[in-house]
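See below for the structure under consideration.
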């Protein structure tokens, strides 16, 4: 039996209405869902660099740290239990994202955000009061469930609420909140590491409850998106919400397109099976490869292991945390560059420029570390040399922050037709979490064995992903979500997967719009 026709009405269409204060505020509140993910990324690496924390839970790592400087610097932190503490969250988020897909589709984006925030809050409390490694891992798993639900629902919510011409800017609010979460965590770690009682790590882990409270309380007051309301049969509420978020009563055309997309969606009983159909091949490939490539930029290695990494290359305790604060600040500032440019210069330009900049920076960092530590891992670096390493890491972080960071969430959230949108976003989140888990689990072991070559390993993948973007990702800026199919249909490679009869194109002035 043939699947539903993909509904589209013309790639050049623009709907009436501009960004209203209401849309801005709702998107701002929803975007705070990124705080919990960012806070965790930033807090984990800092806590695992604190001596009291390691002494209580991972004494073998503490003994390696206290060893003489002649010990191989690359292998000091290689511990299976330590990496399991960090990476268990991402495995839990991976599994949770599949359940989140069903919740998001049947009960709305808002409920997913609310549930995610609440579970994250419980996990933060358990971690703050942890007495053993088992409590730490249980807390991490609950944090992961929260992250899985939030990362599944927030990008979809933002893309559906935003007007097409500002979708990039508003959606990147999610990545901005991730970067703010990372920076806040780095600052908190820097402060708590100085607490003389040695219990500062509890404050760092427990304060994860603050961003969890923000999104949980915020979600209580958020409206649902028109797309979600239509999908659940609440047509009148959807029409009223569309008027409110667009700031105009002239919403009939956009509303009709949303209803048409919803009708196509309702004919799909098994979105997980449908997403495998040939006509969705482009979206499926992007949902898998974009998050896969995002993790292979090496960014999470830098962000959640930054204090450990800086300490490994010779920085002292406070210096390593301070350096992590610097990279976190660069991350936030550079994300603003993406917010103000993504809907002007487009997604492709930022992807390509960011890839080139990351490549240069990674080669420079790998070379600088290789010169000083070689393959033995033995050596020391001067302050000026260390400053140079941090400078290139900041150049790398800035490039990621205005390219693969925000666009890795934006592009997958805006390319799926409604009938497979929740399933597609779930694949995006689960692939992202899976490879975050894998890289978090093996990074310290890879650092021990690949040594400075680890940076060249990630540089190779940056080359691969930049080539992929150049040839296979069409520009999606300013295109209404329900019109996105025509972008793929016009692409010289992906167009072959979509048959003409599978695209419905409305008549405009008596003639079909250009497909």
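Here the Cβ of each residue, glycine as well, is placed from N, Cα and C on the backbone.
Keep in mind the model is a prediction, meaning the values are calculated, not measured.
Annotated transmembrane segment per TrEMBL: 21-39 (among others), in sequence order. Residues 109, 113, 116-117, 120, 143, 146-147, 150-151, 153-154, 157-158, 161-163, 170, 173-185, 207-208, 211-212, 214-215, 218-219, 221-223, 244-245, 247 of the same chain sit 6 or more residues outside the transmembrane segment (21-39) yet have a Cβ under 8 Å from a Cβ within it.
Per-residue confidence over the domain 'Major facilitator superfamily (MFS) profile' (26-477) averages 87 (mean pLDDT, predicted model). The annotation domain 'Major facilitator superfamily (MFS) profile' is assigned in TrEMBL to 26-477.
What TrEMBL lists as transmembrane segment is 82-99 (among others).
Residues annotated as transmembrane segment in TrEMBL: 111-130 (among others).
Positions annotated as transmembrane segment by TrEMBL: 136-158 (among others).
Tertiary proximity for the transmembrane segment (170-188) is limited to same-chain residues at least six positions away from its ends with a CB under 8 Å from its CB atoms, namely 19, 23-24, 27-28, 30-43, 46, 154-155, 158-159, 161-162, 203-204, 207, 211, 303, 306, 321, 324-325, 327-329, 331-332, 335-336, 338-339, 342, 401, 405-406, 409-410, 413-414. Annotated transmembrane segment per TrEMBL: 170-188 (among others), in sequence order.
With a cut-off of 8 Å between Cβ atoms, the residues of this chain six or more beyond the transmembrane segment (200-222) that come close are 26, 29-30, 32-33, 35-36, 38-40, 43, 46-47, 50, 52-53, 110, 113-114, 116-118, 120-121, 123-125, 127-130, 139, 143, 146, 150, 157, 181, 184-185, 188-189, 191-194. Annotation source TrEMBL lists transmembrane segment at 200-222 (among others).
Positions annotated as transmembrane segment by TrEMBL: 284-308 (among others).
Residues or ranges marked as transmembrane segment by TrEMBL: 320-342 (among others). Here the transmembrane segment (320-342) has long-range neighbours at 42, 45-46, 49, 168-169, 172-173, 175-176, 179-180, 182-183, 185-187, 189-190, 193, 302-303, 306-311, 350, 390, 393-394, 397-403, 405-407, 410, 477, meaning same-chain residues at least 6 beyond its ends whose C-beta is under 8 angstroms from one of its own.
Annotation comment: TrEMBL describes 349-373 (among others) as transmembrane segment.
Residues 175, 178-179, 293-294, 297, 299, 302-303, 310, 313-315, 319, 323, 326-327, 330-335, 337-338, 341, 350-351, 353-355, 357-358, 360-362, 364-365, 368-369, 372, 465 of the same chain lie 6+ residues outside the transmembrane segment (385-405) yet bring a C-beta within less than 8 angstroms of a C-beta in it. The transmembrane segment annotation in TrEMBL covers 385-405 (among others).
The transmembrane segment feature in TrEMBL is assigned to 426-446 (among others).
The annotation transmembrane segment is assigned in TrEMBL to 452-473 (among others).
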Stretch in 82-99, 349-373, 426-446 most in contact with the transmembrane segment (452-473), if contact is a CB pair under 8 A: 349-373
Close approaches to the transmembrane segment (426-446) from elsewhere in its chain (Cβ under 8 angstroms; 6 or more beyond its ends): 77-79, 82-84, 86-87, 90-91, 93-95, 97-98, 100-101, 144, 147-148, 151-152, 275, 284, 287-288, 290-292, 294-296, 298, 300-301, 304-305, 308, 408, 412-413, 454, 457
Annotated stretches the transmembrane segment (136-158) and the transmembrane segment (111-130) touching (3 or more Cβ pairs under 8 Å): yes
